[in-house]
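Data first, discussion second: the structure below is written as structure tokens.
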């Protein structure tokens, strides 16, 4: 049952190309050509244009001859054929598998044509081409008008002015010309509407009621379609309602809004179709009239052509005929980039040469023409090179003469897909090259020898056999279309070439131009610019923030958590919350603290702002610009574990909530443009807003996040005497990534998670992490009727991405040199687009497979998406999958796993994969949703224990770390009591620190024991470094490193490692010394001192001399075994066993390398010169309230609390009267909120204010 406008009729073959009994279905015999090759076809003449909706085929009766696949072409005239396309590809129909069965195919898009061709592509291997066909369709009637480039139709209105707020225009057209006006109307107020062809594209110009706009500048103009000058029918539909317009050309639609100050289109007198009949009319513009045919032209329901055919008075017919004249022009298509050519004969030895033709292509390079000239006058070549037209006459005995011609409008862009004409004329010694019939810009050259025409002309390329042809091609073969070939001023009949009676050819399509605009539609995503060649398209992703073959992949990570996972430290980054989705990247500040990763989005006003003079009639309003869209901010918030935003409000004689009718005087606006009246709404420490406390949030997973961000603040009560308010809205701050650690554990091969069908017809990306010990298993699968996608671990060292879009399965496999089933996290990213299929595993080389230029390309899936298994429940995955993203969308594995048997939410064991990210002795600690680096025993800090902890020392500065005595013994214990200290024996020292100084001598580090043993590191007078060991058996050992002056204001790194008897000293990562001790350990270490030793110890003379000066300079990241004494002094001075004497200032040694140390010490002894902030702060550069404001606010709050208690006990019953009195007793807050907030507050009035606020 096939449907069209009326009951379908069966059509049978009316013209046959070979002898057979019958070629319609169920008849005996069938069509079988004498030769079975790709040049055969069966053509059906249906007598008139009909609507074809279906076809059916059989093999030849009683034989082994049948066609297994075929294509269709159609035409109105039997010339200039068009291939049947579906899904933007030449459609290949499945044929028969035997001689008798009937295979039906319903056309997805019906075809209006008189002629139909069946093109056999493949046939039975054991037989020949054999075919019986039937065509299903309906009769087709239409009204057609033919315009010759000078004619037009005028549709005159019944009244002088036609004013419409709704218009519908529909038509079909066909033309060989790339330019021409299809219709135009205008009004005296400046309104107009114009539809015209421009370079093979259709442009719609609209202007509604704005006389200041002119046609050439700021009118609304939209262009759609491409290659519309192909002499085939194209449909157009324009629908306008007020300013909203839908513009459709063929199957492509563009929606837009018009400019102008009116919703109405006012047209005076008439609309003209096919051109503008009066070029001199005021306000009109100079454009070509349309040359071609228009069919079924309707304007607001009026059949214009029907009125013209019936000679109705409102239609003026200007030289228009009502049948479509078809030019008998035969185009040809050069298909192959290496084998295509056309050989045409010429007349040899004519004095001179004349060749002309037209071409269109997308390729920059290609041979257009080669001919061997007669009388030994050389070779003539015409070719494209870089989009430029080149002519070369070459003789073996002469230097080549080269002529280049620039295209007049774009200069060199002759590969723009438009038709270009080329004419080569030579007479005696003069040759002329003319492009696009522009004689004024023709190029001329004079040759030494006279030019005589040859007898063979090769167009598009050369045959493989050079010996026979003598054809030379210095460049690639031409891919594109040609037509109107003239040799010696005579046109060449290309149909004779097709029939084999003229010339020769290879890999040509004759009588059709198969050019295709691969940039329509534009498959370059995210604003990528599309360009193309004959076989493919290219995407320029510059300045888009995306990368890949189709600009599909974001160059940025999806969250600050992902940047931290890469080892990044705090700073500004771009994040793309939806990855390859439609939302663009957003600039944020990522603050990587040890316990949380904060994301901060700044807006345009984060400071304290005062407000005066605002009232209900003239409210104060401030809108906040986050330099992003609401959708981008919403994506950031929804992805985070928690978000917050500071909202501070200070008032002085400015009411906030105490209004008689309950409505507030100030509020803020949040997400979805909703007004919010609460300012906190929760008890201290709860970290939820009011809806979180009351469990009334629309989504309890987000708590207060649902209302953020703050987009506007409104204040309306600062217009009274001495009334004032101040507010501050901080940046949007979020921490965590709810998806990055979102994981599921699959415990059995039969277990899986299922999600809705994946919809990704033309582009797809899938990324996730996995870990497993299994040798194989399917990560993900989604099936269609024929299409499918699957990602699996096919062996311990192989990951395979399989996909079928209708052209047969494609597999991309990445092989790893090491096993992937090692229970470590591994990253997988699979991508598929129209150009390629790719698979990336960890940092291994990406596997890329190029997609075919033609064929099916839409991925059609219809089953559920299976994660961790398959629909057959076989080859399931055992292990963990986390952070699964599909086209930027995040799949919540944990939530789905909670309700699925055999699957558990979460997956432990992150430190086994990421523990190496914790440096300098930091310890990786597991969390449910990730890990963190514990820097307790490290001399460094930060999220990865990589940030140095440094301090400035002055001459008398001393930092002493005291080791706990194991037993209460006296300090002068005898050697016989050494057994008491057996637990305090240290058999190794791992010492590391960095220093910067300009002073010598200096004592850097001193370790002493209860047995008068010590280790000292000093700088000698000459700047050399000394390590002095005093052990009881070895006595005093001095190790001097004198490779330079270490007091040179540069940062030096020292490592002293003793393991048992062996000592190794490194300075600046260079091994300086090795030594073996006879004593193997320190006994009973007492203390470690940095800088000056202040205890009354008996120091040896050299150490005492250095200690007299102490240390002046910068010490950084001091580590002794598992102890970090300098970090303890700076971070935990109250709880660590550390004593600080003198001035110790946190600093940054690395930033001081070029600074004078004395100046630095003097300048920065009391404050941090580098602005170091507490790592516990959510944002390092966040706006902070002044300490005076904080103190003042706390004092006032405490005082108000006492006021409230007193008022409640004494005046509760008088609250209504007190409320009225309080309106007269408002007391001003101080003018300076920053410094004197708690000054000058009158006690009695404060109590009154408290009482009033209590009863709000």
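Cβ atoms here come from the backbone N, Cα and C positions, even for glycine.
TrEMBL annotations: computationally assigned, not manually curated.
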From 1188-1213, 1214-1239, the residue range that TrEMBL assigns the feature transmembrane segment: 1188-1213
Cβ-based contact of the domain 'Fibrinogen C-terminal' (551-603) with the domain 'F5/8 type C' (1-138), 3 or more pairs under 8 Å: no
In the chain carrying residue 880 (disulfide bond), residues 6 or more apart in sequence that have Cβ under 8 angstroms from it: 743, 744, 745, 746, 770, 771, 772, 907
Per-residue pLDDT averaged over the domain 'F5/8 type C' (1-138), given as an integer: 83
Selected stretch (most C-beta pairs under 8 A with the domain 'EGF-like' (908-946)) from 1-138, 144-324, 331-513, 958-1149: 958-1149
Neighbour tally for residue 907 (disulfide bond), based on other Cβ positions within 10 Å of its Cβ: 24
